[in-house]
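Asks: One structure follows; several queries about it will come next.
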Amino acid sequence: MSGADAPGDSDSGPSERASEAPESATGALADAARESDLGLVVGTLLAIYAVATLLTFTDGLNSVVGLLETLTFLGLVYALTALALNLQWGYTGLFNIGVAGFMAVGVYTMGMAVRPPDPAFGPPGLGLPLPVGILAGMGMAALLGAIAALPALRLKADYLAIVTLGLSEIVRLSLQSSAFDNFLRETIGAGTGGGRGMGMPDNPVRGLFLVDGQAGNPTPLGELVFGVFGNDGLGISHSILVGWGYIAVLAAFLVGFYLILERLGRSPFGRTMKAIREDELVADSLGKDVNLVKIKVFVIGCALMGLAGILWFGSQGNVSPTPQFRPLLTFYVFIAVIIGGSGSNTGSVLGGIVFAAVLFEGPRRVGATVRGLIDAETPSSFADALVSLDPVAFLAYATDNVAPLQFVFLGLVLVFIIHRRPDGILGDRIETAAAVDLSERPAGGESDE
Amino acid sequence: MSSDAPDAVDSADVAAAADAPEDEPEANDSAVEEAAKHVPSGGPPLRVEGLVKRFGGVTAVDDASFEVESGSLTGLIGPNGAGKSTTFNCITGVHEPTAGTVYFEGEDITGLKPHQIARKGLVRTFQIARELSEMTVLENLMLAPQGQLGESAIRAVTPGLRGAVVEEETALRERAWETLEFFEIDHLAHEHAGNLSGGQRKLLEMARALMTDPEMVLLDEPLAGVNPTLEEKLLDRIHDLRADGYTFLLVEHDMDVIMNNCERVIVMHQGSVLAEGTGDEIRNDERVIEAYLGEDL
């Protein structure tokens, strides 16, 4: 039984395996990665980096670093959101398919709170400090989660799914409505911007590098970094370097999310969550207040989704309801959790990174590179490409139309994963729900097995 | 938990409580409740009065009334469809009774939620074992204890407060191991509960119920689908626990098991209580023989 092998403990470093005379260097690396969660995540990232570098190295260092920045950013934000969803769905079995809505509420609340009351363009805001705005965004997402959960948790699981999906669409359409925008402007003095969306407050990370937050003069730190890596050094564009600075912030948040959720999972609270997922009636019959725990989980998860929304879309300059907060976003986050292995926090991080880099960005990047290598004219239609019976022309057509094919690819990968590893990459690792190590009985009783 | 409550303040109440459960509950409800809460034994812990449960047009339980004595092993029998399981579900809050009252230790628990009833010390097992299959046996057991510090999300996460949680978990882990040894399933501690055999699941269910530190356990057919050797073991455990002061109400189909093990037997038929008495009394009761027509008593 695979569950019997020691669940990867982040404490056990790769050093433990080093003594065991590995057969090859790659074998040793793979072993070490399996031993340590951090190693596994970093190893996966490095593998993705290696492939991405191979795809773009002909375009120069700036393109390589830029692509790595995009992939890492997407990987981290998907990982953050997947962790929040894993708490609700993976641990507790609460089927929340309104992730996009909670993220939208988080980022919009933050924007409305922080934007200046009299901006040059776009809707007015309340002019509050950024930390207050972030807390308000999390609070509002949590509040909406509680409102959704209270009636829905009394019903069966499927109804929660319908309620959350409906709610996320209501959120999106409300944010898009100019009537709602005007209403908010008149009542609280901050608007949503309707269909045109709103500009996000300046990212404080930019302020670390640039004096006025825009294309202005660098700060001392900026000068140092730009001097080494930028135009005067390795020639990497400044916006990419600032992007890497923000990635460091995201990574810190990811570690924070992970630690909080691991502690929550490895506790009596975590046991109750798992018991609710497995069999609500049993948890209830053993004296656990099932509804209260569900509401708590929902509120915590939605607050984290709100924060993930802020960290993700709040850093993108402008948010608007419709392309960004469609239910498709929720669907993507679910795929990340599924391929990582629901119920495992490390799996969610890994799933987020793999989904974003390999499934989401991968096909387009690979397609573009392949297209660059093909010296052929693109057939005008699929029929033409097929009838030509020329594999090169067909490939040219396929790589030029990679966006729709991406979904085919996504579907194939999902089918493959569900067939080969129905529980996801790390789904066989069922994480212990206790604050102490259960694998061995401490001194006092006879040892087991 | 009421078991660790008795202290000097309550000693006056204890005397009053000795005859209190015989009174009309409406007479001085709160006083009875208060007194009975702190009496671990004496008076019937479980009393069911005029219980009715209808599902649409079907009356599953029709005016059933009975008592279970403290520290006893009471059997509840009846042919299929007699309303035994529905009675169980009404007592434990899974169903809300259409009419009637359930008293536990003198307190009206009718209509409370299952978790509220479990917290009062009345815990059940299920007819078809409901193990938490993706949790290990040890996790299953450690889930059960009431009022764990780490059930608070804040305590579980906050660095300064987690120390107490870890300490409590260490003690719980040891208690879980001891309980597993008592039921002789300690070799399965790390197995996922879903991998256990039917009989082992029944043992796990009972072990888990005991981990809640109950006053009384309702066992819904704990021996169904259990092989004779394991059946013996389970019954031994029940007798051991009864000697320790636990009260049991046992629903069972197997007449021999009930007759040989229970000092009191309640017979249900068509939703109401047909007869109540010792095994011998029941064996010779004409109505019971009629209800079980053709069965060898």
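Any Cβ shown, glycine's included, is placed from N, Cα and C.
Among the features that TrEMBL reports, region 'Disordered' is placed at A:1-26. As annotated by TrEMBL, transmembrane segment applies to A:38-58, A:64-87, A:94-114, A:126-150, A:241-261, A:295-313, A:333-360, A:403-419.
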Asks: Among A:295-313, A:333-360, A:403-419, point out the range having the most Cβ pairs under 8 angstroms from the transmembrane segment (A:38-58).
Replies: A:333-360
Asks: List, by number or range, the same-chain residues at least 6 past the transmembrane segment (A:295-313) whose CB is under 8 A from its CB atoms?
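Replies: The answer is 77, 80-81, 83-85, 87-88, 91-92, 94, 96, 99, 102-107, 109-110, 134, 137-142, 144-146, 148-150, 153, 200, 249-250, 253, 257, 264, 273, 319, 324.
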Asks: Going along the chain, which residues at least six beyond the ends of the transmembrane segment (A:403-419) come within the CB cut-off of under 8 Å?
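Replies: 335, 338-339, 359-360, 363-364, 367, 425.
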